[in-house]
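Notes for the one structure printed next.
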Amino acid sequence: MQGEGQGGAPCLACHGNDGAGNDGAGFPRLAGLNAGYLAAQLRDYREGRRTNVIMAPNAAHLSDQQIEDVAAYYAMQNVVAKPAEQPADLLAQGEKLVKQGDWDNYIVPCETCHGPGAQGVGATFPGLSGQHPSYLRQQLEAWKNGTRTNDPNQLMLAIAARLSDEQIQAVSAYLSQLPTSGGKP
Ligand code: HEC
Ligand code: HEC
């Protein structure tokens, strides 16, 4: 299975054949993300631990084998992100959060868990670099609002709850500009 989908709409209709996703539509980039992370998210959608009205129906009919196959396929893709330009002051604020955190508000640097350049660490800590800013914002807001709850030990809930709306904008803008791990998770 190479992203052609099963039952629901084909994956490529939203995520693209190469997994590039779409910023305007809020479809995440899947290319180059760790296969174990992608598979875990698909099982979570299928079993209702991660809820989203657009994505959940597409995972509902996937078998374990199809999940492994499609995750391996997108993990191997390498799209060169062409991020939209972002204001310099926002980027500077975002860079600080990613590398240094915000200790006054007990926010640990994102790189502590997501690795140098936020390129991801294994199946647990997904790469954030080169991800679409609209999707990054959606996820941080989802944790803040309590609509994404599938993170291990509520590690992300604890972070997102402390981020201001401005910090969410800034960190999403900055992360979107960073180079991805290039399909070698
Ligand atoms: C109709 C559009 C659409 C289709 C078709 C679709 N997706 Fe998605 N997908 C989304 C959206 C929107 C999200 C973000 C949902 C959220 O906020 O949880 C998403 C999220 C995901 C994620 C989570 C990414 C991450 O970084 O956590 C994975 C993995 C995924 N999709 C894989 C697939 C696969 C595999 C298929 C085909 C079987 C597929 N999608 C089909 C729209 C779609
Ligand atoms: C204590 C460890 C930890 C720290 C620090 C951390 N994260 Fe995370 N993050 C995680 C884990 C674990 C996940 C995967 C959650 C899951 O499996 O659903 C994650 C997932 C995410 C996702 C979802 C990615 C996707 O593809 O859906 C975003 C966005 C995110 N983190 C942003 C951030 C930002 C921004 C920071 C810094 C302000 C940060 N994280 C700091 C542990 C951490």
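Backbone N, Cα and C define each Cβ position, glycine as well.
On a predicted model such as this, the values are computed, not experimentally measured, just so you know.
Taken straight from TrEMBL:
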- Cys11, Cys14, His15, Met55: heme c 1 binding site (BINDING)
- Cys110, Cys113, His114, Met156: heme c 2 binding site (BINDING)
- 1-78: domain 'Cytochrome c' (DOMAIN)
- 89-179: domain 'Cytochrome c' (DOMAIN)
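Recorded features from TrEMBL, shown on the structure.
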{"residue": "Cys11", "record": "heme c 1 binding site", "CB count, 10 Å": "25"}
{"residue": "Cys14", "record": "heme c 1 binding site", "CB count, 10 Å": "19"}
{"residue": "His15", "record": "heme c 1 binding site", "CB count, 10 Å": "24"}
{"residue": "Met55", "record": "heme c 1 binding site", "CB count, 10 Å": "19"}
{"residue": "Cys110", "record": "heme c 2 binding site", "CB count, 10 Å": "21"}
{"residue": "Cys113", "record": "heme c 2 binding site", "CB count, 10 Å": "16"}
{"residue": "His114", "record": "heme c 2 binding site", "CB count, 10 Å": "19"}
{"residue": "Met156", "record": "heme c 2 binding site", "CB count, 10 Å": "19"}
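Cys11 (heme c 1 binding site) sits 29 Å from Cys110 (heme c 2 binding site), taking the Cα positions as reference. Cα of His15 (heme c 1 binding site) to Cα of His114 (heme c 2 binding site): a span of 22 Å.
Taken together, the residues of the domain 'Cytochrome c' (1-78) have an average pLDDT of 91. Each residue contributes its Cα atom, and for His114 (heme c 2 binding site) and Met55 (heme c 1 binding site) these two points are 24 Å apart. Filtering Met55, Cys113, Met156 by Cβ distance to ligand 2 (under 6 A) retains the following binding-site residues: Cys113, Met156. Spanning the residues Cys110, Cys113, His114, Met156 that the record associates with binding heme c 2, the maximal Cα-Cα distance equals 11 Å. Ligand 1 lies under 6 Å from the Cβ of Cys14, out of the binding-site residues Cys14, Cys110, Cys113. Pairwise Cα distances among Cys11, Cys14, His15, Met55, which the record gives as the binders of heme c 1, peak at 11 Å.
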